[in-house]
């Protein structure tokens, strides 16, 4: 009899082509749109970003270095190797090297400007930012490092307010650079080897990586998982609405009058949701594999996550059905599909990895079925072992069975069902 209920649910869904299309085609369309639109951003590229940076030096760094060497080489007892090492790490030379690295030079063009042109370029809109190197900056820096001077020299940065995004990126580079200057002083003070923390280690990462340097996640992979887990939640509201309409059309009443147990119907709705959720997820991931080459190295882990997540969807489905039957209204189911799914998708990270910046939201997201499922899928895409996602599989299974138990307790008694 349960098989007949499942068959009936699928036939009703098949006769609603719009709902079927939304469940299967919409996530595919969203993956294509979001993956293409946000792909460069998610993958670490910077499309359309090109900043012109001007640098103004008030005095020659080479002359400052030679002056410092004349003034203190004897007093400090500097060897030839030490002098050569200092020369390699002159601050402004290092800063220029940073701007000429392959990654940064794609986005930013550094141009050296004379002091006389300062007033002119500050009034123009040509440059995204202007870096002004004060008089004797490098001399003061070497004094700060080697003579234990209290005050570190500071660069002056002028930003173009109309180009805030790229100006902010330049500001971050300068801030990191000046932090490295302070680090150099600390290493010198503690007698540590400065080769272990060379000043030229500032870089731009092109891809997302976890702390273990595992496989990076591309935008296509991220949004494949994000849209799959989000749209699977709509299976719960769709099957739930079909079940409630059966109550409205007295189909459910006739089933009960035919002496079929309400638990048979309950189980049929649950199985329908679980099976259709599995089908939907396999269709979405199959499309992503064919078109975007989103593949799963650990198929066992992938299948276990998909089953556990589908059970959680089934649990939500029967809970929505039970509440609708008890309230004699589809309001809760409509609220779930129109509002709650969007909130869960946002918190769970379906639209953007918001949890990477806000740890509290990441924690909350992992306590949602879609967020936990997404974390598990992304973990195996990064190449992590099944042992590291066991907590997510356990949560999804427990969540699903908890929803089923609550639904069973909420489902109205025989006398109140019809």
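Every residue, even glycine, has its Cβ placed from backbone N, Cα and C.
The feature transmembrane segment, as given by TrEMBL for the ranges 222-244, 360-382, sits at 222-244. Against the transmembrane segment (299-323), stretch 393-411 has more CB pairs under 8 A than any other of 222-244, 265-287, 335-354, 393-411. Within the chain carrying the transmembrane segment (335-354), a Cβ under 8 angstroms from the stretch's Cβ atoms is held by residues 34, 38, 208, 222, 226-227, 229-230, 233-234, 236-238, 240, 316, 320, 361-362, 364-365, 368-372, 374, all 6 or more beyond its ends. Counting residues 6+ beyond its ends, the transmembrane segment (265-287) has Cβ neighbours under 8 Å at 1-2, 4-6, 8-10, 13, 23-24, 27-28, 31, 224, 227-228, 231-232, 235-236, 239, 243, 252, 255-256, 294, 296, 302, 306-307, 309-311, 313-318, 321-322, 404, 407-408, 411 in the same chain. Taking Cβ pairs closer than 8 Å, the transmembrane segment (222-244) reaches residues 9, 12-13, 16, 19, 22-23, 26-27, 30-31, 34-35, 38, 42, 252, 269, 272-273, 276-277, 280-281, 284-285, 288, 292, 294, 309-310, 313-314, 316-317, 320-321, 324-325, 330, 333-334, 336-337, 341, 344-345, 348-351, 353, 369-370, 373-374, 377-378, 381 in its own chain, all 6 or more past its ends.
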